[in-house]
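Accompanying notes for the structure given below.
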């Protein structure tokens, strides 16, 4: 039973949704992905980001081929040395069954995306004990297929068939042990909160009927709310956040195999950068652009024959340095917050000197374009 007719694709919607959930509360610096597969979600978390300030990632899966693919996906590459992170990142990939996984310390977040429907009853109980009894994360996110949505994939013309009778042939994947409807999923989640009263749960999801490429015709028969989300998500929050801690195995005799450890390079500098550091980076980006595209005019400026006004796309500055991206904090309005003098200036101009005796006489920010006027002073 396919789910490929969503736009954006369902797996993309799911990763975005999980990431957005992690943004919404206590800073997530350590995370365990249970049933990590080939590390698609872990890979999504690798780029340095202040919104989810990850420093430690761990993934566990029972399938060795999946862990091999995850290892390849998460390997440090040449570009990781060229675009250094501004905080450390350590990754551990583990091979084994969560039933044997009993000696793990606290992590800030646990994600189990499209995992629980592959579990037998004993594994579900082990999952509950591991996560809520031992790890006690500040947030745990569990996603699983919503069985009620399956009738859409069956393409029944009347959309009135009953889904109360279930067999594995009605499931989305032959390896699924079960698929819950919304009431069953909620019943399971509330039972966890009753057993572990420090947790509360809320429900969300991704993949609505109107996200289907051909879903408009179906909406004439039933509203999107009739079936809910294609992927249903439970978000468990702990009422009292624990201090951040890296996760590691305490029991060296555990049958869980530490398959791979990966450490990413990073720049050991304090952040955010100072205003002077930030301006130096901006000037470097400006001059790199000038020497690359306006070399002749720049020499005329040096000779005192003319002034030079250049429109510099914001994207060029953005891509010139990860430090600049960090300083801008994913929004060029931060530029002004770093430079309060720009707010006071009628023309939003600033005079800056550098070691080449150039002076950036004026910087105007209009529609994500920087207009820079250069003069040369002896």
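Any Cβ shown, glycine's included, is placed from N, Cα and C.
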Pick the one from 11, 90, 176 that Swiss-Prot also lists for the Mg(2+) site with 114, 117, 118.
176
Can you tell me how far the Cα of residue 176 (Mg(2+) binding site) sits from the Cα of residue 61 (S-adenosyl-L-methionine binding site), in Å?
16
Residue 117 (Mg(2+) binding site): tally of other CB atoms within 10 A of its CB:
20
Hey, how far is residue 114 (Mg(2+) binding site) from residue 61 (S-adenosyl-L-methionine binding site), Cα to Cα, in Å?
12
Which ones in the same chain are close to residue 118 (Mg(2+) binding site), with CB under 8 Å and 6+ residues apart in sequence?
35, 175, 176, 177
